[in-house]
Amino acid sequence: MISIGYVFAVFCAGLLSFFSPCILPILPVYIAYLSVDATSEKLSFARKLARTLAFIIGLSAAFFLLGFGAGALGGVISSPIFSIVCGVVVFIFGLYMAGLLKIAPLMRERRFTLPKSIAGKKSVASAFLLGLIFSLGWTPCVGPILASILALAAEQGTAASGGFLLAIYSLGLAIPFLVLSLGSDFLLSRVRNLNRYLPTIKLVGGLVLAALGLFMIISQAYTLQTGASASRSLTPASTTESVKAAEDFTLPALDGSTATLSDYRGRPVYTKFWASWCPTCLAGLDDFASLATDYNEAGSAQILSVVAPGQKGEVDESSFSTWATGQDLTFPILFDSDGAQLSHFDIRAYPTSVFFDAEGRVVKKVTGEMTSDEVRAEIDALIAGKTGDTTTSVVDDGKGTTVHIDTNNLHDIYFAGGCFWGVEEYFSRIPGVYDVVSGYANGTTENPTYQQVCSGTTGHTETVHIRYDPSIVSLRTLATQLFKIINPLSHNQQGNDRGTQYRTGMYYTDEADASTLSSVLAEEQTKYSDPIATELKPLENFSEAEDYHQDYLKKNPGGYCHIDFSSLDDVQLEAAQSYVDPSEYTRPTDEEIKAMLTDAQYHVTQQEGTDPAFSGEYFNTFEAGIYVDIVTGEPLFSSESKYASGCGWPSFTQPIDPAVIVERTDTSHGMVRTEVTSRVGASHLGHVFPDGPSDKGGLRYCIDSSAIRFIPYDQMDAEGYGKFKDACAYGGDNS
């Protein structure tokens with residue numbers, strides 16, 4: 001993404017070009033051409049506007065195409081060295097503009113003029129051509145500025161970014177033209193008075209360009225030297241950062257009263273969102289009533305519940321009130337009839353618990369049923385003044401047990417497998433999946449309705465959006481499970497459903513996922529002689545389906561479904577038999593991590609830094625043993641997969657267990673790389689590259705020494721890693 005600073009600088013460069021010594025003195029000639037007709041009669045406002053806009057379009061067209069081409073070229077040559085070259089160009093032109101460097105070829109002026117036969121007509125078409133040839137000329141002032149902007153556009157690495165920057169430059173140049181052309185003679189005369197400031201304008205503009213070029217050079221040189229990644233918002237937020245004040249709300253209650261959140265300031269508040277159609281919710285109402293009685297009567301905490309009549313499958317308020325009155329429910333029930341609180345707290349499933357501290361701040365949100373003991377423990381901790389853990393949600397795995405999910409480490413993937421009712425329910429039962437939402441993807445219509453999608457005219461396919469914790473379930477596992485519930489050879493049909501909206505597909509938003517999905521697709525293809533019809537594409541144009549489609553089978557247990565759920569046993573067994581059990585390792589708090597790590601270790605693991613090449617403790621270590629996460633102690637790599645790559649960092653062909661590594665796309669510094677982080681600790685470890693030994697999978701996990709700790713083979717028993725000795729019996733390959 002282009003920074004706002006670059007955009008502002010480029011816009012200012014356009015303004016600088018307009019007020020430069022090469023344009024300002026000849027403004028009257030251009031303004032006169034745009035303001036009078038062939039007989040020197042002044043034009044009406046509308047005709048002046050038409051000609052001026054035509055001139056600006058001509059001016060911008062060439063600039064935009066130049067920027068588009070420069071950005072595309074940068075994408076082909078993309079590398080830090082190319083970016084440094086671009087920075088040098090900008091720096092040199094800046095010094096030239098400031099008058100600090102003399103370059104004779106740049107001081108030559110080359111302008112183009114319209115043929116008299118065309119210029120004399122003074123029409124909208126000739127104004128367009130005038131703008132076009134104006135942009136193609138070279139002047140000692142504007143030329144270097146434009147060349148600098150083109151270098152900056154090339155450094156962005158995409159045609160779209162290059163075209164956008166030159167469009168911004170054109171805007172800065174064109175706005176004054178438009179204002180003066182449509183303005184008065186007085187305004188033009190005032191602009192002429194700026195001539196005496198032209199040397200200062202030129203000096204300041206040149207220095208700004210030189211500074212921009214210097215910044216480009218330094219930042220890319222740093223990348224080349226260290227390979228460091230700029231900090232990005234991928235590291236889980238700390239508990240303190242996650243705590244935030246909730247917007248106050250007032251809701252009507254079943255008993256006719258109202259309740260306002262701020263009225264309970266000074267004591268913790270526990271709010272449970274639930275629905276009358278939710279069996280899990282209904283099963284927990286007795287325990288919830290006991291909680292409400294104990295805490296509300298004692299006044300130590302406030303227990304509330306919220307239902308949303310008319311929302312997400314709930315009956316209307318009147319019907320709910322009749323039902324609830326017959327149930328003799330004794331706890332507070334508030335009505336969120338317009339769904340405002342469902343939206344504010346992002347309630348995707350029932351039940352969901354939201355905990356507030358005594359200051360009215362949200363400190364924890366839990367999706368799924370919590371036991372009475374778990375709720376009491378959270379409330380008691382808040383009463384004691386302790387802040388809850390906002391990074392974890394508890395989700396039912398479909399068998400009555402709970403899975404603790406790191407909600408700050410969720411990943412997204414989109415699958416199409418026929419009717420989304422069954423696909424949504426299937427993936428929601430997989431351990432590690434936090435949320436599944438039905439929708440429509442990869443079509444041409446914005447926010448289509450179900451009826452429009454079924455017409456076959458929108459190009460959308462019924463798709464589910466899956467949010468999952470990759471430390472618990474891998475993308476490979478999810479993709480493999482998709483193929484267990486679809487017929488991958490079938491075009492536009494699954495089960496009894498026919499139509500283009502029932503085609504199958506895997507759609508990703510993270511480029512790092514493409515290789516994993518492609519690998520699964522290739523493995524499935526080996527099972528068939530006919531080509532697989534399942535699509536593998538980037539996600540386009542996803543929109544959520546209507547409310548009545550969400551959680552359809554939960555609301556209608558006997559509803560239609562073409563999915564066979566028996567294969568869920570496979571993934572649950574797989575999770576149980578993971579080689580490295582994530583529940584044995586925990587991530588310390590941010591404060592504890594900072595205290596336990598050295599500055600270098602903290603910089604690498606928490607700020608996505610990089611050890612200098614050939615300097616790390618383990619880059620040349622090949623004895624037998626195990627390499628564990630420096631933060632959590634979770635096993636990551638075995639000595640048997642370590643080899644001498646010559647790159648200057650510890651290199652491995654594979655992790656000790658694929659599940660312990662989480663991959664993300666890293667687009668910093670004009671490069672596209674695959675970052676690897678640890679599963680439990682979410683620590684930055686390094687990157688993985690496709691240039692490893694071909695006989696061992698072709699991958700090279702390039703890992704920073706500061707992110708790992710080595711435990712020699714003969715010490716593994718003493719440190720509690722004895723069960724992994726079978727994977728570490730041999731040292732690495734240092735040949």
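Glycine is no exception: its Cβ is also placed from the backbone N, Cα and C atoms.
Note: TrEMBL annotation is automatic and uncurated.
Taken verbatim from TrEMBL:
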type	residues	note
ACT_SITE	Cys419	active site
ACT_SITE	Cys702	active site, nucleophile
DOMAIN	240-384	domain 'Thioredoxin'
DOMAIN	590-713	domain 'MsrB'
TRANSMEM	6-33	transmembrane segment
TRANSMEM	53-75	transmembrane segment
TRANSMEM	81-103	transmembrane segment
TRANSMEM	124-154	transmembrane segment
TRANSMEM	166-188	transmembrane segment
TRANSMEM	200-222	transmembrane segment
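Sequence-distant contacts of Cys419 (active site), defined by Cβ-Cβ distance under 8 angstroms and a gap of at least six in the same chain, are Glu462, Gln494, Gly495, Asp497, Tyr502, Tyr560, Cys561, His562.
When DSSP labels each residue, the domain 'MsrB' (590-713) comes out as 32 helix, 40 strand, 52 coil, counted as helix, strand and coil in that order.
There are 23 other CB atoms within 10 A of the CB of Cys702 (active site, nucleophile), with all protein chains counted. Annotation note: Cys419 (active site) sits in a coil segment as assigned by DSSP.
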